[in-house]
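The structure appears below as structure tokens.
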Amino acid sequence: MDLEALKKEAALRSVALVQSGQRVGLGTGSTAKYAIEELGRKLAAGELSGIVGVSTSEASEKLAREVGIPTEPLDPRPLDIAIDGADEIAPNLDLVKGLGGALVREKMTEVQAKRLIIIADHTKLVTRLGEKAPLPIEIVPFGFLSTIERLREFLPGGRLRQPGAQPYVTDNGNYIFDAQLPAEFDARELERRIKGTLGVVDTGLFLGMAERAFVAAPDGVQELTR
């Protein structure tokens with residue numbers, strides 16, 4: 001079985017945890033897409049009923065509608081479960097997310113979930129956060145160069161995400177600064193410092209949130225728990 005097929009299998013394992021009548025956080029990205037499609041299939045087949053999705057991006061909202069999942073906006077009520085991908089997964093299941101640009105809506109949604117289930121492939125496993133991927137930080141466009149200068153006082157390097165002539169724009173109308181993490185750092189203290197920087201909306205650090213991860217590896221799907 002190739003890696004893409006195993007990613008689909010990981011998504012199926014995550015969706016097997018969803019029960020009828022639940023409110024489900026719908027993640028964003030190529031792996032979360034498989035989970036949304038499987039939820040739609042189960043609803044259409046009558047294997048699940050009464051599911052309501054809460055989307056973490058315009059892309060996941062569009063896909064949910066296409067596969068027949070009823071959706072509603074995020075409100076103060078808790079979600080029963082959320083399923084999403086990750087860009088890095090540390091041994092304690094702390095995460096870096098946001099390379100797809102939806103980090104703020106993902107965090108706002110998933111912090112309200114009773115259970116956060118991650119699906120990914122084995123290349124996302126790291127010994128420490130920042131080992132393979134930058135840390136996305138969403139910043140407001142107004143004065144963004146000043147915000148970046150403030151961030152570089154304690155996070156040297158990094159760059160504004162700019163795939164073309166103009167900066168990348170999130171669903172919220174903001175920009176993303178991709179920071180390089182140091183070799184050693186206190187994740188919670190760093191998150192506090194970044195979020196305390198004027199102009200920052202939020203970071204791609206998802207700390208203490210994930211309950212488990214289904215990881216597609218060459219020898220099959222591994223289940224990791226906190």
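Using N, Cα and C of the backbone, Cβ positions are placed for all residues, glycine too.
When Lys62, Lys124 are compared with the substrate site residues Thr28, Gly29, Ser30, Thr31, Asp84, Gly85, Ala86, Asp87, Lys97, Gly98, Leu99, Gly100 in Swiss-Prot, the one appearing in that site is Lys124. Excluding Thr28, Gly29, Ser30, Thr31, Asp84, Gly85, Ala86, Asp87, Lys97, Gly98, Leu99, Gly100, Lys124, which define the substrate site, the same chain contributes Gly27, Ala32, Ala120 within 8 Å (Cβ to the Cβ centroid), listed in sequence order.
Annotated pair Glu106 (active site, proton acceptor) and Leu99 (substrate binding site), C-alpha to C-alpha distance, rounded: 12 Å. Annotation: Lys97 carries the greatest number of neighbouring Cβ atoms among the binding-site residues Lys97, Lys124 [cut-off 10 Å, Cβ to Cβ]. It is Ser30, among the binding-site residues Thr28, Ser30, whose Cβ has the fewest other Cβ atoms within 10 Å in the structure shown.
Largest Cα-Cα distance over the residues recorded as binding substrate, namely Thr28, Gly29, Ser30, Thr31, Asp84, Gly85, Ala86, Asp87, Lys97, Gly98, Leu99, Gly100, Lys124, equals 16 Å.
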